[in-house]
Amino acid sequence: MNSSYHRRVPVVGELGSATSSQLPSTSPSIVIPLGSTEQHGPHLPLDTDTRIATAVARTVTARLHAEDLPIAQEEWLMAPAIAYGASGEHQRFAGTISIGTEALTMLLVEYGRSAACWARRLVFVNGHGGNVGALTRAVGLLRAEGRDAGWCPCTCPGGDPHAGHTETSVLLHLSPADVRTERWRAGNRAPLPVLLPSMRRGGVAAVSETGVLGDPTTATAAEGRRIFAAMVDDCVRRVARWMPQPDGMLT
């Protein structure tokens with residue numbers, strides 16, 4: 001596929017390209033993209049959340065290397081993405097692979113315990129809202145155990161919930177060849193608080209036959225560039241401040 005997520009690109013600061021012998025002397029901090037594999041309507045790929053989280057994490061890591069920030073004095077590496085999450089609300093749609101909140105919580109806890117044996121700090125960059133329950137429990141526990149972990153969201157103020165204007169715009173910026181514009185159409189555009197009671201009973205399929213919440217037909221690459229830059233700026237600011245809440249979210 002024509003995307004930075006699928007195409008292997010040599011980038012300074014990628015954990016996957018380091019060797020074990022390089023790490024003990026540096027005690028790096030690591031940025032871990034956390035996404036999902038789930039339906040994103042008829043027009044976006046199943047790994048949309050993972051692509052966005054990976055691109056944000058990669059750009060944040062590069063910014064931490066380049067900018068004159070106190071926390072940038074540490075070595076920062078981007079880890080390979082965790083591409084499966086808690087996506088049960090999308091389970092009625094083909095292609096969705098959800099490991100659930102309990103399994104994801106344990107995965108993140110054991111991941112953090114292992115990585116903290118040699119890494120100074122851990123920050124998870126989350127691309128899927130359904131992962132928040134697992135993140136808060138796992139990172140909160142890691143912090144209670146004395147490990148310096150945190151997480152930050154890939155969010156956009158005022159964005160629509162799922163596979164609509166926001167995510168489609170970002171994918172038009174990151175992976176334009178993989179957005180099937182001939183298949184997009186508006187989904188349920190009601191506010192998320194209005195939809196949640198029905199979604200709790202029957203998932204996304206109960207409120208949208210296409211799996212879309214929002215309107216992707218208004219998306220543009222220019223808007224995606226702006227949204228993506230805002231996501232990166234927000235994450236860099238949170239990491240630079242490094243002020244985790246009790247649940248581990250960086251503020």
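Note: Cβ is positioned from N, Cα and C throughout, glycine not excepted.
For E38, D49, H128, the entry in Swiss-Prot reads divalent metal cation 1 binding site. What Swiss-Prot records for H40, D49, E167 is divalent metal cation 2 binding site, and it gives similarity to another entry as the kind of evidence.
Other residues of the chain with a Cβ within 8 Å of the Cβ centroid of E38, D49, H128, the divalent metal cation 1 site, are G35, S36, T37, H40, T48, T50, G85, S87, H90, G127, G129, G130, N131. Secondary structure at H40 (divalent metal cation 2 binding site), as computed by DSSP, is strand.
Long-range C-beta contacts of E167 (divalent metal cation 2 binding site), restricted to its own chain and to partners at least six residues apart, with a cutoff below 8 Å, comprise H40, L44, T48, I52, G159, P216. The number of other Cβ atoms within 10 Å of the Cβ belonging to D49 (divalent metal cation 1 binding site), over all protein chains shown, comes to 30. Secondary structure at E167 (divalent metal cation 2 binding site), taken from DSSP and collapsed to helix, strand or coil, is helix.
If you take the C-beta of H128 (divalent metal cation 1 binding site) and look for same-chain residues 6 or more apart in sequence within under 8 angstroms, you find L34, G35, S36, E38, D49, A53, G85, A86, S87.
Neighbouring residues of the recorded divalent metal cation 2 site, listed in sequence order and excluding H40, D49, E167, comprise S36, E38, L44, T48, R51, I52, G127, H128, H162, A163, L171 (Cβ within 8 Å of the Cβ centroid). H128 (divalent metal cation 1 binding site) falls outside any helix or strand according to DSSP and counts as coil. Looking only at other Cβ atoms within 10 Å, the busiest spot among the binding-site residues E38, H40 turns out to be E38.
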